[in-house]
Amino acid sequence: MYMRSEMQNEGIMPNEFTLATGLKACSLCLALDLGKQMHAQAFKLGLLLDLFVGSALVDLYSKCGEMELASRTFFGMPEQNEVTWNVLLNGYAQAGDGIGVLKLFCCMMESDVKSSKFTLTTVLKGCANSKNLRQGQVIHSMIIKYGYEGDEFLGCGLVDTYSKCGMAIDALEVFKKIKKPDIVVWSAMITCLDQQGQSDESIKLFHLMRSISTRPNHYTICSLVSAATNMEDYQYGRSIHACVWKYGFETDISINNALVTMYMKSGCVNEGARLFESMIERDLVSWNTYLSGFHDSGMYDRSLTIFGHLLEDGFIPNMYTFIGILRSCSCLLDVHFGRQVHTHIIKNDLDDNDFVQTALIDMYAKCMCMEDADVAFNRLSSRDLFTWTVIITSHAQTNQGEKALSYFRQMQQEGVKPNEFTLAGCLSGCSSLASLEGGQQLHSMVFKRGHLSDMFVGSALVDMYAKCGCMEEAETLFEALICRDTVAWNTIICGYSQNGQGNKALEAFQMMLDEGISPDEVTFIGILSACSHQGLVEEGKKHFHSMYRDFGISPTVNHCACMVDILGRVGKFDELEDFIKKMQLSQHALIWETVLGACKMHGNLALGEKAGNKLIDLQPEKETNYILLSNIFATKGKWDDVKRIRTLMSSKGVKKEPGCSWVEANGQAHTFVSHDCSHPQIQEIHLKLEELDKELTAVGYVPKTEYVLHNVEETEKREYLRYHSERLALAFALINTSATKKIRILKNLRICGDCHDVMKLLSSITDREIVIRDVHRFHHFKSGACSCNDFW
Ligand SMILES: [Zn+2]
Ligand SMILES: [Zn+2]
């Protein structure tokens, strides 16, 4: 090149030979720009048609990966010889453009040029890269035709092509015919067998190879370690580890990484860790292997430490590192660490990587940080079924049914088809919302898509109908379930129990035991509340004792609260107090809340006062506690005490938790907050409520104003009760739904005593069935009575 510039300086014109030599020099040092200048010069001098100059240009462009230029120059040449064809073919193969190789080879076949072994080797490379089995088979038959069978290079190319196309048997056939396979072919064959899931065959081949004293290379050993890992043959893995030392590969990073994986996956975590610690050199793959090794062994907190060490050692985490560490954060429910990882993700510019985002969504969702999960979800450039399912299910599980369903609609708009998990997630969203219409739509979708026999979906459907208070539908679906596990039985038992069908719950429990299905904690909650509802004290006690004795389930506070409820409901207060003492329950608000309910029912002022004070001590911020206590005083006409409780409440600065109710009309859920006037139909609703009030007064209804704790005039108290959220919802439903339809209302708090009375009366006045699901249970109001028998 130096010579050339000298020539130029002295004004000497280059000829075809000097140009070709110059171009060769350019292609050796990949000097593309200089080469292009020479190309221009050759054009000016009319030397472009010269075979040498043309070939040299094709060679230069191919080596520099400029395949378009190379091919244009090539086809511009007046004639092409075998060497130039091969140069161009090889250029395409090097660029990894298998299809380009094959297209070019077809052109070559049409010309008179005969293809040599070298050409065929190059073409096979193209077949392997583009995984083109058919073309590979054509080349194979040409090899046989030309009598090249058994050739080492061609054999290696064929083995490679067949193995990349997943044809281990064909690869092996070719391999057997190679006269003197070198280590590259041996390795290719061993790797192929391992990757095609024939790890034991690959090990056999390795023994054969060693028996003819062929020395393994780096690739052979890596494949064998991976074979040992796949076969979970720890003993064999150890023997390969010994080979690593024997052949002097002990400092090879990839081999060590494979060995660490092997030890970790076979449960030898300590050996894996020891090997990792002893590695002189490590790369990011080593760290990632180590990190996910601990995750897979269930030692999640260790992965967190490893992540810290990795950063300390100055490594920059990649996508795999982040996915691995986020998985560990999810399992540990450690959102704090997860957030730190998130900042590293942003720092490393990986926050628009969909795989990383998906791992983030999963982590945030598992940790119940739904807002963060939403943000991550909205950043995704493309959402697949998996991510949709994660976001829908996690919203449903965190009681954000509305959001779950709106995501589901969005998913359908984007044309993504749900699977059984998505459908089950949506159904539990409907359950939490008591959205019967939404649930029914999903039911028909489940039916159309043929998921009805799926256990998840089946159980979710039963649950949805039960939570919407439709026990008949729940029952029919439950009976049709092909396989009924504990979860399915729990769903139906708790469904009966919450809907006030205690006898059926107990019957179902017996059937469950008869079918040999083991009950769990949830089953007993259902059973005990069923006993309480039916007033079955002895049976309740029997089940409570058998829980631990027969099934090894330790009673939780919730079970104890059921027991307290059973005893309280029938007025066995001495036994109840003994039970609380014996089970050491005095620090649990739930217990005292239950006691208070029983005291109110039986007018037990002494214990009621004790329970109320306890409750206020334990949860001074909760408004309902004050209401419950003041109700007890009010029923006994102790107005001074009522006043005292009111003052106490305002001195503690108790904030009212807004009552909120949901009701469905025409396929849409409507939300009502107490005293909220924002609903578009609010005027109509108020008129309806006034009209209903008149009818109520006509049948002798007197508002229980003791349920209002605010210091206001009596008339105002009446007004106050009238606009409780469930009444707004009811009025709305009466206006907007057909007269035969059951009205289903979901409420975020416990229904107040006054509303309970009103609902009973209105169910007969309006001749409508009203179902209210509050935080505790279902109230089915029908013809003036409620399924809870006025105890809740
Ligand atoms: Zn109320
Ligand atoms: Zn009720």
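Note: Cβ is positioned from N, Cα and C throughout, glycine not excepted.
What TrEMBL says about this protein:
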type: REPEAT; residues: 81-115; note: repeat 'PPR'
type: REPEAT; residues: 182-216; note: repeat 'PPR'
type: REPEAT; residues: 283-317; note: repeat 'PPR'
type: REPEAT; residues: 384-418; note: repeat 'PPR'
type: REPEAT; residues: 485-519; note: repeat 'PPR'
type: DOMAIN; residues: 700-792; note: domain 'DYW'
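DSSP states for the repeat 'PPR' (283-317), grouped as helix (H, G, I), strand (E, B) and coil, give 26 helix, 0 strand, 9 coil. Secondary structure of the repeat 'PPR' (485-519) per DSSP, as helix, strand and coil residue counts: 26 helix, 0 strand, 9 coil. Per-class residue totals from DSSP over the domain 'DYW' (700-792), listed helix then strand then coil: 37 helix, 16 strand, 40 coil. Helix, strand and coil counts under DSSP for the repeat 'PPR' (81-115) come to 26 helix, 0 strand, 9 coil.
Within the repeat 'PPR' (384-418), the DSSP-based counts of helix, strand and coil residues read 26 helix, 0 strand, 9 coil. Applying DSSP to the repeat 'PPR' (182-216) sorts its residues as follows: 26 helix, 0 strand, 9 coil.
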